[in-house]
Amino acid sequence: MGGHRGSSTERFSSATWFSQLCASARRFKSLAPPSLETAVRSTSGDSLVRRLGLFDLILLGVGASIGAGVFVVTGTVARDAGPGVTISFLLAGASCVLNALCYAELASRFPAVVGGAYMYSYTAFNEITAFLVFVQLMLDYHIGAASISRSLASYAVALLELFPAFKGDGSVTIPLWMGSGLELFGGFLSLNILAPILLALLTLVLCQGVRESSAVNSVMTATKVVIVLVVICAGSFDIDVANWSPFAPNGFKAVLTGATVVFFSYVGFDAVANSAEESKNPQRDLPIGIMGSLLVCISLYVGVCLVLTGMVPFSLLSEDAPLAQAFSSKGMKFVSILISIGAVAGLTTTLLVGLYVQSRLYLGLGRDGLLPSFFSRVHPTLHTPLHSQIWCGIVAAVLAGIFNVHSLSHILSVGTLTGYSVVAACVVALRLNDKKERESSNGGWTSSWHEGVICLVIIASSGFSAGVFYRFGASVIFLLLSVGVAVSASAVLHYRELMLSLLVRGLAVGCAHCPMRVHFL
């Protein structure tokens, strides 16, 4: 009897625990007025300091987006797409503009606190969705920071080797474990000392406060942008228009393929949304900062593409250093030094902003109780999430110092794509929730929110199918069918809202003119 009663109690407690877990997973945040939650954070004493202006936010987005890729990826893609690489960057930029508009709308709508995509999904969907978004973003950020720090170490060593004393035949030889890494155990491990040192220095800068880290980012980003502008201006005098013909030598398919490759060159503008709690005027500056930084990046990428493909025929571009080789072939070797300096500055800002965003995401989850409470602590003097920042630096330093993360970093862009997709879905879900609240009655077999989710799933599945069909060269009929299904689902989602609003207005007008309207009231 006692054993039977004990087993029943255990089953009951297990069922209770599971039901509580499911209930917690389905929780969601209520969308409080921006001024209310900001005031609560200010009075509680655990808020960050608002010191970032509009110009700082734009430089933050540019610093996160433009790294060494502006000097390398442009030429790599141009070898296949030809001068049409310019169209590739424009198409990728246009898709990022659509997503940036989603970020801008949510940033102006939500309270000015940290969280970004995590906070948006927590409010629009539920806790488990938000936590999964955080996990994927953190995998992307942690391994990305380790990979970028290794690239920064390699570029720093290459910059030092420009001086005669550090060349291979000079008095000082830089060992492998300071640059590209010393491979061990067949390449599974790769020892690198310089990358953790650089991460420690940047973590120290970030721990000093947002004013100091913003100053470093502004100086390095301005240096990078000036170098890119010098490269564009210097190369524009050696452009041969004949090199732009044919503009798309391998067809439009190569241009589209190039757009999928260069899409990740724009990744980083979403970092502006994570600085909401440190922005002076977040409701106005965040949307402008997001869009402004993205437009600056598009302009710089397009300018470099036009200059590069105009100076040298696309078939003669180098794979490793296309821009430096192009200028060297024109007798401007000094530009190679500028490109090395720009690459170091670009990778430094990308790494700095990446570490900054990670700590703010950890801070948001610590406040919500999804991580240990020490992640939510803000230093009373420095006004930075010190524990979160140090943790992010340690994780990235361990990965960069021991493991060969370059091969793994190529497959983790799924975290970025997931974050962008969820943010776009959050806009639709929140609009449907607003529509549902304004409607007095919701007849039918399912709510408007659920119908919106179904339409979003159909659109996402159709887009994935179209990508698979295009990738494996299926018949154009299947591609058009997938696009047609996605367009139809979008039309249903849009016109359903319009028809509902017209129906409500029609009923209101009908009731106003009906003699028996008293019985309806």
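If you go along the chain as it appears here, the first residue is 1 and each next one adds 1.
Just so it is clear, glycine is given a Cβ too, placed from its N, Cα and C backbone atoms.
Residues annotated as transmembrane segment in TrEMBL: 57-78 (among others).
Annotated transmembrane segment per TrEMBL: 84-106 (among others), in sequence order.
The transmembrane segment annotation in TrEMBL covers 118-139 (among others).
Look at TrEMBL and you will find 184-207 (among others) tagged as transmembrane segment.
Taking Cβ pairs closer than 8 Å, the transmembrane segment (219-239) reaches residues 59, 62-63, 66, 70, 296, 300, 303-304, 306-308, 310-311, 323, 326-327, 330, 332, 335, 338-339, 341-342, 345-346, 348-349, 352 in its own chain, all 6 or more past its ends. As annotated by TrEMBL, transmembrane segment applies to 219-239 (among others).
The transmembrane segment feature in TrEMBL is assigned to 251-269 (among others).
Feature annotation from TrEMBL assigns transmembrane segment to 290-314 (among others).
Remote same-chain residues near the transmembrane segment (334-357) are listed as 60, 63-71, 116, 141, 144-145, 148-149, 151-152, 155-156, 158-159, 162, 198-199, 202-203, 205-206, 213, 216-217, 220-221, 223-224, 227-228, 230-231, 234, 268, 271, 274-275, 321, 323-324, 327-328, 389, 392-393, 396 (criterion: CB distance under 8 Å, separation of at least six residues from the stretch ends). According to TrEMBL, the transmembrane segment annotation covers 334-357 (among others).
According to TrEMBL, the feature transmembrane segment maps to 411-432 (among others).
Annotation source TrEMBL lists transmembrane segment at 453-470 (among others).
Per TrEMBL, the feature transmembrane segment maps to 476-495 (among others).
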Inset, instruction - Go through the chain and flag residues at least 6 beyond the ends of the transmembrane segment (57-78) whose CB is under 8 A from any CB in it; none is fine as an answer. - result: 85, 88-89, 148, 151, 155, 214, 217-218, 220-222, 224-225, 228, 258, 261-262, 265-269, 271-272, 275, 279, 285-286, 288-290, 292-294, 296-297, 300-301, 304-305, 308-309, 314, 317-324, 326, 339, 342-343, 346-347, 349-350, 352-354, 357
